[in-house]
Structure formats: structure tokens, C-alpha cells
Amino acid sequence: MLRWLRAFVLPTAACHDAEPPTRYETLFRALDRNGDGVVDIGELQQGLQSLGIPLGQDAEEKIFTTGDVNKDGKLDFEEFMKYLKDHEKKMKLAFKSLDKNNDGKIEPSEIVQSLQMLGLHISEKQAELILQSIDSDGTMTVDWNEWRDYFLFNPVTDIEEIIRFWKHSTGIDIGDSLTIPDEFTEDEKKSGQWWRQLLAGGVAGAVSRTSTAPLDRLKVMMQVHGSKSMNIFGGFRQMVKEGGIRSLWRGNGTNVIKIAPETAVKFWAYEQYKKLLTEEGQKLGTFERFISGSMAGATAQTFIYPMEVLKTRLAVAKTGQYSGIYGCAKKILKHEGFGAFYKGYIPNLLGIIPYAGIDLAVYELLKSYWLDNFAKDSVNPGVMVLLSCGALSSTCGQLASYPLALVRTRMQAQATVEGAPQLSMVGLFQRIVSKEGVSGLYRGITPNFMKVLPAVGISYVVYENMKQTLGVAQK
């Protein structure tokens, strides 16, 4: 179909200047299915699909947002032609940024080099597969005509936006606080898109955590009490019997409230650490991103850690033990002192490294596997691939850091367990292994894994809807 597009609409011997209006008019007429002189979004969707022209996610909406100058919900010919001319200019700049040797063609080695500068590392073979999806004449290089035809109606405007197909962020929240922060481009920062995306992610996280709160509380109860006899159904039955259905959400308020300060501190710290680790104008590589993200996570955890302790104390509390978040904080301060708000802080910090490291490593592995085996028809992996990769890599990160998370939770709550000795991190590890075996370090991991799929689905749906509500430009 791309060959058809070039032959029918865009001449093969086209110069690098904008196409003559008559060529745009031919394409416009092909899209104007009812012949009324304007193209609405339905006609654009149907027309482009029938022509086999590749589209990015929500491409039609973005084309209309940019091209519909008079905001009447339709594109007339002048708006249509102006959009294509402006878009081709931007795609020309993207093409030149990839064409390192200025020979008018993009080769696999240039793809590898450009992506490395953006912190995305792929092999020459993977670059060839990407080029195959764009290369229409089988030369294993992409010239300007092929590049323009492929991205003609894909509203990406620069190479960074193209690469963000594989940005390790999909707005999912599985309830953990150790993930590396999102990456935002300079354009997103200047336009204010960054805070809208963070807000959308925060709302998605709040809804997701609230929806899966019963499983999260069950996990905490199993971590703290460590009884082999407490299974999932027995745990739920015990919680409902003790405090009713509402008790299943005990501690969720704190878990939701801490999203805002944690996200804000993590984002600010991440930007500062990136500046420290990279020179001005230098792109952030995977290793620098890992270090910056880990340090930002540690900074955010230091700031909001008292809320982590409050969440655990409220989750394991009996009905009427605390009057609320403030009452819980007041009791802890009165009876245990300020230091109690940082119990379990060390294992929590230590857990950041294996979590963030394995999360990134598994994501890169899954990305490479997809590029090697499935990247034949499009450079865009699609929503389901990104969600699956993100969820699986986060789950692997959780699995690696879970023993530290369990010890952290027990240290936070051990003052509330009658007859329990106040042990250090090492002492707790030794006690758990000696009394419960190595499997004791993974107590509660089943409900933790059970909440991953619903958390991913709920947070993604809410995130996408919130982005639309807040006017975040779709990629």
C-alpha cells in the first residue's frame, strides 16, 4: 500500500520540497468519501485504513487537534494541505537527524547509533527489522521518500517521539513505590504535558490501589503474622469477621494519600540526579537512568517513609485501635518516639536496587525479544505488548526484592505484635529462616501477584481516560 501511495499520490521522483497542491488534492478526494469537500474524523479513519497507511496510537485525534485550525471538527482542503506540508517539514528534520553521513539514506548502523544516544540499545539485527517495516523497495536502506510515505499520517514529529514507542512507562500502577520515574521530553516540560501526565498517573494509581486494597491488606497481614495456616480465603474470612467488609480497606487511605508527595519528590529528585550524572546536552543512557531513578526513589522514600509505617500499622490494627491516620501517628510518637517512623528503613532502601535493576533488565530483555521476533510490520509494539512487558518486568522486580519488603513490613509492625522481640534487619532474617524456612521470606506473595493483573488493567484504563480529560496529547 505504501507503493500505491507513492505512485498514486506522491511522485517517486519527488524533490525534497513540498508536493504540488494537485497531489494533495488527489489524496484529499480519496479520503473525502461522501464528496462534501471536507473530511471528518470518521472518513479519515476509514480512508486511511482502506489505503493501508500505518497509523500511530490515536493518530487521527492528534491530526485533527493540529490540523483543524477553525475547530469545526472537519478538515477542509486548505487545512489538510497545510497540515501535510508542516508535518513533512518536521519529518524531514527527523530524517536528517538519523542520516548521520548525509547520504540521503538511513542505514541500520545509523538507527543503532541514534537510539543509543537516546538511551535505547538495540542490535544491528534489530535495527534491520525496524528498517524492514519502512523499507518498501527491499534495499535495506530507507530514503526520504520511503520515510515520508511511512510517517505521512503518523503524527510523530521527531525521532525522540518515534522512539518513545518503547518508553518504559505506560501509566500502570501495581502498588509499589520503587519504580523508576517517567521520562519527559523538553517539549512536554515546556508545554505543561508533564504535570498532566503525572496527575493522570496519580489518579490512576489511587483508583487502582483502592480497587485492589483488600489483596494488599491481606498481603501485609500474611507478612506480619507469618502463619503457615493463614491462607487467602482464611485471611479474608478472619479480617471480615474481626472488622466487617470495610476493614478490608484499612490502611488504604494512607496508601493513596502518599502518592502525591512521593511522585512530586521522586520527579524533582530524578531531574536533579540526571543533571548531576550527565553533561549538558548529553542523552541519558540506561545505566544513568537506573542510577538516577534509584537515587530518586531513595530520596522520595526518605521523605514519605513515615506514611509507609502508618499504612502498615493501620493495616494490621484491630477495630477501634486507632481513630485514624492522625490518631495512629500520635500514638506512635507518644509511646515509641520519632524513630519508630523509620523502622524498616534500611531494608526498604536496599530493596530499591534489585527491584529497579531487575525491572529495567527484564524490560530490556522483553523489548529485545519482541524486536527480534515480531517487529516485522510496524515500529510500534502496541498497547498490549507495552502493558505486558511493563507488568512482567515489575513483577520480576517484586519477586527479587520481596524478602527485603517482608522484613521491612515486619520491622514496621513488630511493636504491635504481642510477645514479638524487637529485632534488627539481620536478626529478623535469621529468625524467619530458622522458624519458617526460606519460604517464610515469601509469605504473602500470592495475594501480591494476584493484584497485578487487575491493578494493571484498572490503572491503564483510568490513566488513558484521565489523559483525555486533562487534554494530554496522544502519542
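Just so you know, glycine gets a Cβ as well, placed from its N, Cα and C.
Just so it is clear, the model here is predicted, and its values are computed rather than measured.
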Candidate annotated as N6-succinyllysine in Swiss-Prot, where the set is Lys74, Lys190, Lys435:
Lys435
Considering the residues Lys96, Lys274, Lys318, Lys331, which is the one that Swiss-Prot annotates as N6-succinyllysine?
Lys318
Tell me whether Val240 and Arg408 fall on the same side of the membrane, as recorded in Swiss-Prot.
yes
Quick one: sort out which of 369-386, 387-404 is the transmembrane segment according to Swiss-Prot.
387-404
What range among 151-170, 231-250, 251-270 does Swiss-Prot record as transmembrane segment?
251-270
What kind of secondary structure is Lys334 (N6-acetyllysine) part of, going by DSSP in three states?
helix
Most Cβ neighbours within 10 Å: which of the modified residues Lys318, Lys334 is it?
Lys318
For Asn70 (Ca(2+) 2 binding site) and Asp99 (Ca(2+) 3 binding site), determine the Cα separation and express it in whole Å.
36
Integer Cα-Cα distance in angstrom, Lys334 (N6-acetyllysine) to Asp72 (Ca(2+) 2 binding site):
63
Cβ neighbours of Glu79 (Ca(2+) 2 binding site) where a neighbour is any other Cβ within 10 Å:
19
Asp99 (Ca(2+) 3 binding site) versus Lys435 (N6-acetyllysine) - Cα distance in angstrom:
63
